[in-house]
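Worksheet: one structure, shown below.
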């Protein structure tokens, strides 16, 4: 009886095993038949899985190509890979870059994430060849064999040699491992503050947002409180604290010169300047600062230290010393000690790279009732064109570029601008101090466009890019929204400010259109600065 039972169990087990094998064979055949059908469906309706990331979660895509792409992305995220390469097209670290979101591999990013910024920077208008940069076109001529040291005689500055144009850092660190701020400084040239495809930008922005602060002192001068912050690698940044919320507009009864400086305006201005391809604003990142640990406890500024107090709500506050908005009524308070702010990379010290300050011909009167000459004389531009340095070169056209930037931001406070003295008249203008931009979104201040309207001139490259940024694939508001989304303090701008950009851009193009309609020769209005390339 027992033998028969064992035989029966063995037979049932063999039958069950056979059935399972048969079922597996049928499933395998079914999958083989279904896969070609799915491929035909994808190819027929144009939705085949590509590198763009469509259906990236499907197991069908887990093949060698996807694996290789992931490996390359992981490798490009290595800090070591960045430090070993100083080529402008080199790989950068896998850090969110508010401007371009990782310059290395823009096309891959456009395909995998649908980045409009990456697509913009691949456009031919953003790849117009630059003039060859010679030694005389560089702000600093650096010996790549020289080294940089963090133990250099207790100075916060990098060391200059007896030659005015040569910077000779000292120490044991190889040139390839210079800190990002120093590479930024030595990369400045006659034509640009930083390259379009700068692999250092993600690292520099990351340093500004996260690097430990070892010193905080008040910046002298100015109407509002600003701090100079120093990092362990001797890099320095300008900190502008938060003074009002994102959705708060400047009161209509405020004069432009009594407006607050906004930290988010500084951040947004940097990215807008980059999208316009001017690249004349030093890199800026948002940062959340601990007032107690990163300002009060480490400051050596005795005047600043005396202005700290605890508010009735238990928050840490301070107000510093400045011309107007430094008092207990305008104190800056944390929650309880956390305070937002913009952190901008400082330009090279003026002792190493002299800068010249120029009074803007369209400077406002800064008087409550008096108007400036340009507001009274409709032919004012003819007078400017005969006055150095606007009587030759592209200085006037560069100033009109700055006018376009200011109008898009709503910035009325452009009384001066600066240039690097070494390059004379043949160089770009530095677009500094943009904190009074983005104060109001419901009003477009047309007087800011006076240089464009009165001179009826604009660079061809600028005009073509503005036209491009008014089209749906590259809409300016959408590009800036994407750029700002990667900042540590995002969202940076309220939506009405972003929408105002498209409206104002339309008004800039309309102003150029009116000039073209009146001009005898279009070339008098749209000045060719790119030649036959475009």
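In case you wondered, yes, glycine gets a Cβ from its N, Cα and C as well.
In TrEMBL, the feature region 'Disordered' is placed on 78-113, out of the ranges 42-77, 78-113, 114-149. In this view, the densest Cβ surroundings among the recorded positions 261, 413 belong to 261, judged by other Cβ atoms lying within 10 Å.
Cα spacing between residue 433 (Mn(2+) binding site) and residue 413 (active site): 9 Å, rounded to the nearest whole number. For the domain 'FAM20 C-terminal' (308-519), the model gives a mean pLDDT of 95. The number of other CB atoms found within 10 A of the CB of residue 433 (Mn(2+) binding site), across every protein chain shown, is 23. Between the CA atoms of residue 261 (Mn(2+) binding site) and residue 413 (active site) there is a gap of 10 Å, rounded to the nearest whole number.
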